[in-house]
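Here is the structure we will look at.
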Amino acid sequence: MNQSLGPSEPEKPQDNTAEDSTEPTPDNHRADLSELRGIPKKQTGIEGFEDISHGGLPLGRTTLVSGTSGTGKTLFAMQFLYNGIVKYQEPGIFVTFEETPADIIRNASSFGWDLQALIDRGQLFILDASPDPEGYEVSGNFDLSALIERIQYAIRKYKAKRVSIDSVTAIFQQYDPAGVVRRELFRLTARLKQANVTTVMTTERTDEYGPIARYGVEEFVSDNVVILRNILEGEKRRRTIEILKLRGTTHMKGEYPFTITNDGINIFPLGAMQLTQRSSNVRVSSGIEKLDEMCGGGFFKDSIILATGATGTGKTSLVSKFLERGCLDGERCILFAYEESRAQLSRNASSWGIDLEEFERQGLLKIICAYPESAGLEDHLQKIKTEMMAFKPSRMAIDSLSALARGVSQNAFRQFVIGVTGLAKQEEITGFFTNTTDQFMGSHSITESHISTITDTIILLQYVEIRGEMARALNVFKMRGSWHDKGIREYLISNAGIQIRDSFRGYERIISGSPTRINVDEKNELSRIVQNVQALEEEGL
């Protein structure tokens, strides 16, 4: 074994205490059932993990973090230690069976973590158990007694509260049989539990959804199991984390997306989002007077609006008017564009009389442009979250969601939309999204991924053929918590943007794409309109 890295190498103790000489057994390793209730937890400091684990890792127990190569196991183990030192003032021990201490320090620096400074201050100790590059042979019975004693001594010397071991797979690769290694790992976890340290132990698996660990025994010596995955969906990889078990305590079930940023692991606990945000009765303008009238006075301040329609129906024009109105009212606005460049957006907006560049110069508008294929959905979500938290807008827009849906599963896309809408509602931001439908004319699904239930207001834009000419139709299809115009209005796109006209009179089946002319009794129609107006006046609308 190589030398350990720290202020000074802990010497192997010359005598063992009675406690150390007592061999652990499965009976005294298992806690009494009464002790399993209300187990205290230690926070990891990893963003989102406390949400899905209901508070962190069980105090004084061992957690197995399993995953295929490149899933972030070593990062999880090191971030657990680093956050413990920096955020909670808890010294830690990192036991490495694979990488050298120098490599670990160098890799951590890419996240801005100065491990050498922590080592110099005696807050972190790296115990090097990596194989000797010269190679060696082991004869006789294998046991981890020497390593266990070194770890115990380091825990006492540095008053460590956290231990990370990376990775136990290396032990199986060096020694056999597996049953003997399992026995020694059981001894190790028992000693760590006696020392009352919270431990993260990593192991490798061969398949994303196969056995938990490569050798099939590692999970039985730990109290808790966390699985990291890096799944190939289409042409993109998607990272997820799943807590398989936290013995004796509760946690959230299922997989949750995460990404690796410059700050380390960032988990999106979508299932942990609470519907506790306040609901505002304040209205904000869409930037189009007629559309505000159709929506009963405008959109609700904290609502999510979805404009859906075929290409060329004016969705980006609606977004531009929405953002212009916010900037004119002195509100900060942010646009995430995934189909057009900044120059193209500015040029198109100027044709409608909107100067986006001037709003940017005033600091009222920020435009983020990116190709959907440039990153995975989790990375896009993290980018949106980072930009919104830094810029703190009152309005945000995404143009378009359908571009982000290319090449990903419906479940991943839906989770992305939930993440964005949840963030917008949490920050009381008015969100405006666009969605491009595949069908050029006629009835169609509003959204293929069934995200319509997540949004508060849906504006349906559609092409219709009337008397041999192409026209455009607009309908406020849905608006939660408010009266809205049910009519199907004709609209034009001119130099002033979208201009909404009256309803299509004398036609039915507009939405189906097969408009049919009907005879209208003008006298009865006028009487009906007067009655509707009187009814609205009586209701105070």
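All residue numbers here begin at 1 and follow the chain in the order shown.
Backbone N, Cα and C atoms are what each Cβ position is placed from, and that goes for glycine too.
The feature Mg(2+) 1 binding site is assigned by Swiss-Prot to Thr74, with sequence analysis given as support. Per Swiss-Prot, ATP 2 binding site is recorded for Thr311, Gly312, Thr313, Gly314, Lys315, Thr316, Trp352, Arg472, Lys478, Met479, Arg480, Ser482, His484, Lys486, and the stated evidence type is sequence analysis. Annotated Mg(2+) 2 binding site per Swiss-Prot: Thr316, Glu339, in sequence order, evidence recorded as sequence analysis. The domain 'KaiC 1' feature in Swiss-Prot is assigned to 21-268. Swiss-Prot lists 282-541 with the feature domain 'KaiC 2'.
Feature map: annotations from Swiss-Prot on the structure.
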{"residue": "Thr74", "record": "Mg(2+) 1 binding site", "Cβ within 10 Å": "21"}
{"residue": "Thr311", "record": "ATP 2 binding site", "Cβ within 10 Å": "13"}
{"residue": "Thr313", "record": "ATP 2 binding site", "Cβ within 10 Å": "25"}
{"residue": "Lys315", "record": "ATP 2 binding site", "Cβ within 10 Å": "24"}
{"residue": "Thr316", "record": "Mg(2+) 2 binding site", "Cβ within 10 Å": "23"}
{"residue": "Glu339", "record": "Mg(2+) 2 binding site", "Cβ within 10 Å": "18"}
{"residue": "Trp352", "record": "ATP 2 binding site", "Cβ within 10 Å": "18"}
{"residue": "Lys478", "record": "ATP 2 binding site", "Cβ within 10 Å": "16"}
{"residue": "Arg480", "record": "ATP 2 binding site", "Cβ within 10 Å": "13"}
{"residue": "His484", "record": "ATP 2 binding site", "Cβ within 10 Å": "18"}
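On a Cα basis, Glu339 (Mg(2+) 2 binding site) lies 12 Å away from Lys315 (ATP 2 binding site).
Across the domain 'KaiC 2' (282-541), mean pLDDT in this model comes to 87. Cα of Arg480 (ATP 2 binding site) to Cα of Thr316 (Mg(2+) 2 binding site): a distance of 23 Å. Trp352 (ATP 2 binding site) sits 53 Å from Thr74 (Mg(2+) 1 binding site), counting Cα to Cα. Note: the CA-CA distance between Lys478 (ATP 2 binding site) and Thr316 (Mg(2+) 2 binding site) rounds to 20 Å. Look at the residue listed as 'Mg(2+) 1 binding site': DSSP puts it in a helix. Checked against Glu339 (Mg(2+) 2 binding site), the binding-site residues Thr74, Thr313, His484 differ in C-alpha distance, with Thr313 being the nearest. Among the record's ATP 2 binders, Thr311, Gly312, Thr313, Gly314, Lys315, Thr316, Trp352, Arg472, Lys478, Met479, Arg480, Ser482, His484, Lys486, no two C-alpha atoms are more than 30 Å apart, and one pair sits at exactly that spread.
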